[in-house]
Amino acid sequence: MDRGEKIQLKRVFGYWWGTSFLLINIIGAGIFVSPKGVLAYSCMNVGVSLCVWAGCAILAMTSTLCSAEISISFPCSGAQYYFLKRYFGSTVAFLNLWTSLFLGSGVVAGQALLLAEYSIQPFFPSCSVPKLPKKCLALAMLWIVGILTSRGVKEVTWLQIASSVLKVSILSFISLTGVVFLIRGKKENVERFQNAFDAELPDISHLIQAIFQGYFAYSGGACFTLIAGELKKPRTTIPKCIFTALPLVTVVYLLVNISYLTVLTPREILSSDAVAITWADRAFPSLAWIMPFAISTSLFSNLLISIFKSSRPIYLASQEGQLPLLFNTLNSHSSPFTAVLLLVTLGSLAIILTSLIDLINYIFFTGSLWSILLMIGILRRRYQEPNLSIPYKVFLSFPLATIVIDVGLVVIPLVKSPNVHYVYVLLLVLSGLLFYIPLIHFKIRLAWFEKMTCYLQLLFNICLPDVSEE
């Protein structure tokens, strides 16, 4: 390996990259596929549903700014892991990492399958996509993206920016089309907005459900806790990215929903499995076949950044001694190749074994549990270290509001649809102790793994990073 240049994760990403990264991470497939949860729990009241979308943006801003405090205070790739380790101990931090291994692999597997389904769907217009070609294409896309991610930040940068431009362009096209339909003033297009609040008003329980549905659509703002170590001037870059991306997402979400409601009736939206395709079929019948390809192309960016960001905590945990030294290595492109390889391998297994995907659906609620711990950590730090110099602070009401929302995201699924799978998920999280106690607490070393580490270093041309000057 050429050692003319230092091998380490470098701070090479600036404001524009960070903004596009946050945009992609928040805007997922939901706005294209099924943005109907808010409308359903708003009792198909158009005015209430749009108000919920706007209100959820404010709630999302509070939680995102809380995550920004963690990212700025600990500007390293995997700040969430380091924060948990500092304020709750190494055991909790390891269990968070253990959970994220399964959650991260499940996310990339689900995104790869969704990407494959939308890519193949136009070739099967009258039936569902066969499982075998869908899985084969998903595996191919997953490994292609993994290889591109391992090639370093240059490949990631141009692919991410191109994909984000495409995604925003598609949503802008949908939004502008809705505006044009409204300006034309046809009765069937404007009547739903002239009497937006005339429908039945939702009761408090349905309204809370609608808020949780909308809040989930804005999730993803905590992504800077995973890649802060590669941002230039994170203290100023992160807040600027947040205050650019989140208002833009809010406007886009509102305009896209208005466009859907302009072209389709609320009942048509609720009955559709892919609202964007139904919308295209109604607004531009001759171009409807393009929408699945456009959606799949935009979903490519989500898969790209999911692999990119989920590999960073693995790398940091290895630096902290909670994972084998093998995962603390970088290739000649200064990319954590072995961390990416582990994530892609686990994602491939999740694609092949579809029952694992079902289990991953129940793991998602653990993300809210970890978010609650992070918010408690912020409050704990303010109480235990009141004189600590913190470069960026949020109002205490922000973490408290985030705790309330996250508690609801944990409790409501348990109350609404109790399932034994949640017990399995808890056991899966706690099973991390079977590895933590012997290998980390008692520091048992496996000689054969150390030999394999040396062999893999030669095979993949990887090495330990140089000492950072920070």
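Placed from the backbone N, Cα and C atoms, the Cβ positions cover glycine too.
Model, not experiment: these values are computed from the prediction.
The topological domain 'Cytoplasmic' annotation in Swiss-Prot covers 1-11 (among others), and the record cites sequence analysis as its basis.
What Swiss-Prot records for 33-45 (among others) is topological domain 'Extracellular'. Sequence-distant contacts of the topological domain 'Extracellular' (33-45) (same chain, six or more residues past either end, CB-CB distance under 8 Å): 52-53, 56, 196-197, 199-202, 206-207, 209-210, 213-214, 216-217, 253, 256-257, 260, 266-267, 269-270, 272-276, 295.
Beyond its flanks by at least six residues, the topological domain 'Cytoplasmic' (67-87) meets 9, 93, 96-97, 221-222, 224-231, 234-235, 238-239, 242, 312-313, 315-317, 320, 370, 373-374, 377-378, 380-381, 390-394 of its own chain at Cβ-Cβ distances under 8 Å. Positions annotated as topological domain 'Cytoplasmic' by Swiss-Prot: 67-87 (among others).
According to Swiss-Prot, the topological domain 'Extracellular' annotation covers 109-128 (among others), on the basis of sequence analysis. Restricting the average to the topological domain 'Extracellular' (109-128) gives a pLDDT of 82.
Listed as Cβ neighbours of the topological domain 'Cytoplasmic' (150-162) (distance under 8 Å, sequence separation of 6 or more from its ends, same chain) are residues 10, 12-13, 16-17, 20-21, 24, 230, 300-301, 304-305, 308, 331, 333-335, 337, 340-341. According to Swiss-Prot, the topological domain 'Cytoplasmic' annotation covers 150-162 (among others), on the basis of sequence analysis.
Residues or ranges marked as topological domain 'Extracellular' by Swiss-Prot: 184-206 (among others).
Sequence annotations record features per position, and here Swiss-Prot assigns topological domain 'Cytoplasmic' to 228-240 (among others) based on sequence analysis.
Among the features that Swiss-Prot reports, topological domain 'Extracellular' is placed at 262-287 (among others).
Marked as topological domain 'Cytoplasmic' by Swiss-Prot on the basis of sequence analysis: 309-336 (among others). If you look at the topological domain 'Cytoplasmic' (309-336), the same-chain residues 6 or more away from its ends with a CB under 8 A from one of its CBs are 1-2, 7-10, 25, 76-78, 80-82, 85, 90, 93-94, 97, 100-101, 104-105, 107-108, 149-153, 223, 226-227, 229, 342-343, 436, 440, 449, 452-453, 456-457, 460-465.
Positions annotated as topological domain 'Cytoplasmic' by Swiss-Prot: 380-393 (among others).
The topological domain 'Extracellular' feature in Swiss-Prot is assigned to 415-421 (among others); the stated evidence is sequence analysis. Secondary structure counts, DSSP: the topological domain 'Extracellular' (415-421) has 3 helix, 0 strand, 4 coil.
Tertiary neighbourhood of the topological domain 'Cytoplasmic' (443-470): same-chain residues 1, 6-9, 324-326, 328-332, 334, 337-338, selected by CB-CB distance under 8 Å and a gap of 6+ residues from either end. Residues or ranges marked as topological domain 'Cytoplasmic' by Swiss-Prot: 443-470 (among others).
Proximity of distant same-chain residues to the transmembrane segment (12-32), defined by a Cβ-Cβ separation under 8 Å and at least 6 residues beyond the stretch ends, is recorded for 60, 111, 114, 153, 157, 160-161, 163-165, 167-168, 170-171, 217-221, 223-224, 227, 230-232, 237-238, 240-242, 244-246, 248-249, 252-253, 256, 274-276, 295, 298-299, 301-302, 305, 309. Residues or ranges marked as transmembrane segment by Swiss-Prot on the basis of sequence analysis: 12-32 (among others).
Under the heading transmembrane segment, Swiss-Prot lists 46-66 (among others), citing sequence analysis as support. The list of residues near the transmembrane segment (46-66) in space but at least 6 beyond its ends in sequence, with Cβ under 8 angstroms from a Cβ of it, reads 26, 38-39, 192-193, 196-197, 199, 201-202, 207, 210-211, 214-215, 217-219, 221-222, 239, 242, 246-247, 249-250, 253-254, 257-258, 261, 266, 371, 374-375, 378, 394, 397-399, 401-402, 405.
Among the features that Swiss-Prot reports, transmembrane segment is placed at 88-108 (among others). Remote same-chain partners of the transmembrane segment (88-108), defined as residues 6 or more beyond its termini with a Cβ less than 8 Å from a stretch Cβ, comprise 80-82, 142, 303, 306-307, 310, 313-314, 317, 320, 322-323, 342-344, 346-347, 349-350, 356-357, 359-360, 363-364, 366-367, 370, 373, 377, 428-433, 435-436, 440.
Among residues of the same chain six or more beyond the transmembrane segment (129-149), those with a C-beta under 8 A of the stretch's C-beta atoms are 108-109, 112-113, 115-117, 119-121, 155-156, 159, 300, 303-304, 307-308, 311, 335, 340-341, 343-344, 347-348, 351-352, 354. The feature transmembrane segment is assigned by Swiss-Prot to 129-149 (among others), with sequence analysis given as support.
Residues 31-36, 39-40, 44, 46, 174, 177-178, 181-182, 189-190, 192-193, 295 of the same chain lie 6+ residues outside the topological domain 'Extracellular' (262-287) yet bring a C-beta within less than 8 angstroms of a C-beta in it. The stretch from 207-227, 241-261, 288-308, 337-357, 394-414 with the most CB pairs below 8 A to the transmembrane segment (163-183) is 241-261.
Per-class residue totals from DSSP over the topological domain 'Extracellular' (184-206), listed helix then strand then coil: 12 helix, 0 strand, 11 coil. For the transmembrane segment (288-308), the list of distant contacts is 21, 24-25, 28-29, 32-33, 104, 107-108, 111-112, 114-115, 118-119, 121-122, 141-142, 145-146, 148-149, 156, 159-160, 163-164, 166-167, 170, 223, 227, 276-277, 280-281, 340, 343-344: same-chain residues at least six beyond its ends, Cβ to Cβ under 8 Å. If one looks beyond the topological domain 'Extracellular' (109-128) by at least 6 residues along the same chain, the residues whose Cβ comes under 8 Å of a Cβ in the stretch are 29, 134-135, 137-139, 141-142, 145, 289, 292-293, 295-296, 299-300, 302-303, 306, 347-348, 350-351, 356-357, 360.
Distant neighbours of the transmembrane segment (241-261): 15, 18-19, 21-23, 26-27, 31, 35, 39, 46, 49-50, 53-54, 57, 60-61, 64-65, 68, 168, 171-172, 174-175, 177-179, 181-182, 192-193, 217-218, 221, 224, 269, 275, 279; these residues of the same chain sit at least 6 beyond its ends, with a Cβ under 8 Å from one of its Cβ atoms.
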